[in-house]
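All remarks here apply to the structure that follows.
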Ligand code: ADP
Ligand code: MG
């Protein structure tokens, strides 16, 4: 689960980390009040969307102006103008994809005088099973480019959970960033605060880009991106409350209600499969036959008829879906349950696109019988190859 920059900064602040003062707003009036209370003389108006690269992003609407999604304002009038332009407009950044994201809230923040911009992030390193820090002097810009062109400028290390964060970790960060004296001390304090926030809130990722040195010699977290480990969210109801459903795919939200593993994709063939491995193989074979999957969907081992019906409805509600491939291996799952779920869903929502069903395993004969006796226009397939060939042919014939 992801949250907005201003929410992430509130968490960092709770752990004592240095962030700018700011107020989240939803209207021009709120922005005026926020800018007045902050006092100026410099404000930054920041689009709050769950994607980075906002500063260099571009709005789709000409009315939003030429500037990007993060704007420096020198007067309260300018703050109001920017908020008026950006609210409701669609921001396209390197991370949003071409469709962009609508800006529904803005963060009005104190402007900082920047001396230097660094990069700092934390994540769970799967290789070591530890929380790792990644730091670089090359902040503010695309860290992927730094990693590719000048990997020596990135320093990483991980923290032993048995000792937790130690003073030497802080010194490693200070050295990597070329900080001495009081700034090195600040780096040590910040490292401890960030580590406490990361582990205390069960974060999966924390990225501060840029971490700055101000002209008056203070370290500050100028941007913050946080995502949480979804398996630990049950321990943090206050973090779950920060969820912004408008930032999430509505089909994925619906799927999460039924505990389905569903990820929306860009293709045309909707897939309903049981088992993550089989779902991956099904997506691969669709591509092999020249089409693209519209989703990843694993209904799981012991799915009920209700779950299958919900899954089928989510797939058919996607306007990009031009055909559906149901590929079930009945191990724990019984083929007749799948057949009943599919039929119930089709009766409920109708079927406007071709449907290929491949069933194998437990109660396969019964499953096939249920489908053939239903009178539905279902194309039966013998194996995975046959199924992929048939659905791709049906979709292409339909186009
Ligand atoms: P993104 O990474 O999505 O582009 P950032 O929050 O990193 O958004 O902002 C982009 C750039 O805008 C920063 O690298 C920094 O140079 C500038 N900036 C952001 N916040 C402030 C601020 N409070 N004061 C001054 N400059 C800022
Ligand atoms: Mg940034």
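Glycine is treated like the rest: Cβ placed from N, Cα and C.
Residues or ranges marked as domain 'ATP-grasp' by TrEMBL: 9-241. What TrEMBL lists as ATP binding site is 46, 53, 54, 55, 109, 112, 117. Annotated Mg(2+) binding site per TrEMBL: 209, 223, in sequence order. TrEMBL lists 274, 331, 332, 333 with the feature substrate binding site.
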One should report the C-alpha separation between residue 209 (Mg(2+) binding site) and residue 331 (substrate binding site), rounded to whole angstrom, as 47
Residue 333 (substrate binding site) sits from residue 109 (ATP binding site) (Cα to Cα, rounded, in Å) at a distance of 53
Filtered by Cβ distance under 6 Å to ligand 1, the binding-site residues 54, 55, 274, 331, 332, 333 reduce to 54, 55
Rounded Cα distance in angstrom between residue 112 (ATP binding site) and residue 331 (substrate binding site) is 60
Given the binding-site residues 53, 55, 331, the candidate whose Cβ has the fewest other Cβ atoms within 10 Å is 331
One residue among the binding-site residues 209, 274 has the fewest other C-beta atoms within 10 A of its C-beta, namely 209
Given the substrate site 274, 331, 332, 333, its other Cβ neighbours within 8 Å of the Cβ centroid, in chain order, are 275, 300, 301, 302, 303, 328, 329, 330, 334, 361, 362
